[in-house]
Amino acid sequence: MAFVFSLNSINVVNPVAHGLHLGRDGYCCNFSHPGFINSNKFLKRKEATLVRVVSENQTIDFRDPDWKRKYQEDFDRRFNLPHLKDVLDIKPRLTTFSLRNRGARIVDDDMLLANGKNDYVNNDDRALLKVIKYSSPTSAGAECIDPDCSWVEQWVHRAGPRKEIYFDPDKVKAAIVTCGGLCPGLNDVIRQIVITLESYGVKNIIGIRHGYRGFFDEDLPEIQLSRQVVQNINLAGGSVLGVSRGGASTNEIVDSIQARGIDMIFILGGDGTHAGANAIHNECRKRKMKVSVVGVPKTIDNDILLMDKTFGFDTAVEEAQRAINSAYIEARSAYHGIGLVKLMGRSSGFIAMHASLASGQVDICLIPEVPFSLDGPFGVLRHLEHLLQTKGAAILCVAEGAGQDLLEKSNLKDASGNVVFGDIGVHIQQQIKRYFKEIGVPADVKYIDPTYMIRACRANAADAILCTVLGQNAVHGAFAGFSGITVGICNTHYVYLPIPEVIRSTRLVDPNSRMWHRCLTSTGQPDFC
Ligand SMILES: Nc1ncnc2c1ncn2[C@@H]1O[C@H](COP(=O)(O)OP(=O)(O)O)[C@@H](O)[C@H]1O
Ligand SMILES: O=P(O)(O)OC[C@H]1O[C@](O)(COP(=O)(O)O)[C@@H](O)[C@@H]1O
Ligand SMILES: [Mg+2]
């Protein structure tokens, strides 16, 4: 069993001693999914109650003797994968693709049968997302109901090749599009999708250029892709297809898909892109088009729900180390040096938190999820003064979305509708200079903003592997006839998830999580408000 924990025990100092058992895979990665289970509620709760809100749209009522079955059914319904045959009268055929038979074009049924059953993932196969154990609901004075069975399991669909496929590879036209901002690994995913499609026998693969814009902009003709074209693209960062924000309406995009005769489309992007992909899937469904729409989550911000991590995040954190290290060397070498590094992270501070943890040199980490004051006795500036007195230098790492309440409110939006933030890095730099001038203490501030450098680079080894598996699974999912799904790694398993479940909200750093507390332990910073 991977995880067992008592929700009433999470807010204690020693979780293991108080009923939180570490499983083989550890528990921390699941704690960092506050969007899935509202962990804030649980973390703060000292007493068990009879009714638990376990997510935005799922509640457990322990007074109902049938709660467990209902919970499980509700969970299974939400995570059921949309399939083309839900609305179309289509029949599957056996695939020529298998573990022992990759790339074979002609096989007979005997050969397929000779292949062991482990060659394929069965549609009933599930991967364990979480096991949650609830404490007995006795404290509200009612009798404990079902005390031995107060735990639930959350199972999601395993990703991988299915034996039955819903497309004839010879006739398939597949398209790939990359949307939103850049992210290390985009080329790796594109490459792997093309290679896997060819392994199935697909010959017609196109790339849509510059995100959703490529569907309607006549100056951006589609490009033909093949193994030969994509062979080396993973050696560089960026996206060979180009990216963009903003774009056409769903109807226009689906018109274009129809006109081009596309059968399956792989859409690489973040939450905005996935909202678009889901709308495209719904419109194709409405028009009864046999088109598989499969997303691959991309964002260095790591702000997609349920996933252990999104591809590119590891690389971005690694690249951020270079900036932090430079800031450290500058600050240590200067007299009263203060190194300030601003990292990406619009609403989520995962990059700043992980980069600070990885570096070990950061004294102050500021993220969007945790408010802070610059001035006052408990403010950042006073703490910097203390650090200069005691250590002679200080390193500060700030996420771009942090402290926006300290800046003039911006009404600007980018083409996709994302709020354009004020520059918190420049603001903090100015405030540090002002403060130390006022108190007459010398301070040498070195400001480093590596923003685009951490996402324009090539994927590191860990991300390259993740991209490869995600790309392959995206193709398997499309051939299996799923549509409106996305691929991901959850609780170390590769899985398929319905798109609405991963974009329900933005994944944020939970200020009550042990990971954030570990970061605070590492930096040694106090609360700044
Ligand atoms: N709610 C939405 N519905 C449909 N399309 C959207 C939605 N939000 C964003 N998009 C489109 O998705 C693309 C990428 O969105 P963006 O927010 O820039 O990046 P990301 O996908 O990384 O979040 C853009 O072309 C944008 O127009
Ligand atoms: O300058 P751009 O292209 O809008 O990108 C900036 C944004 O890119 C990100 O790193 C990631 O954004 P997406 O996931 O939406 O691509 C944000 O943190 C940042 O605000
Ligand atoms: Mg986004």
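Here the Cβ of each residue, glycine as well, is placed from N, Cα and C on the backbone.
Annotated ATP-binding residues in TrEMBL are R245, G246, G270, D271, G272, T273, and among G181, G339, G345, G349 the one listed with them is G181. Of the listed candidates (E222, E252, E400), TrEMBL assigns E400 to the same substrate site as T299, I300, D301, M344, G345, R346, Y452, M453, I454, R455. Taking a Cβ cut-off of under 6 Å from any atom of ligand 2, the binding-site residues G246, D271, T273, T299, M453 reduce to T299. With respect to their backbone Cα atoms, G246 (ATP binding site) and T299 (substrate binding site) stand 16 Å from each other.
Cα of G345 (substrate binding site) to Cα of G181 (ATP binding site): a span of 12 Å.
Note: the Cα of D271 (ATP binding site) and the Cα of D301 (substrate binding site) are spaced 11 Å from each other. Sorting the binding-site residues D271, D301, E400 by the number of other Cβ atoms within 10 Å puts D301 first. Within 8 Å of the Cβ centroid of the ATP site, not counting the listed residues G181, R245, G246, G270, D271, G272, T273, the chain contributes C179, G180, G211, G269, S416, N418.
Counting other CB atoms no more than 10 Å from each candidate's CB, the binding-site residues R245, R455 peak at R455. Listed binding-site residues: G270, D271, G272, R455. Those with a CB atom under 6 Å from ligand 3: G270, D271, G272.
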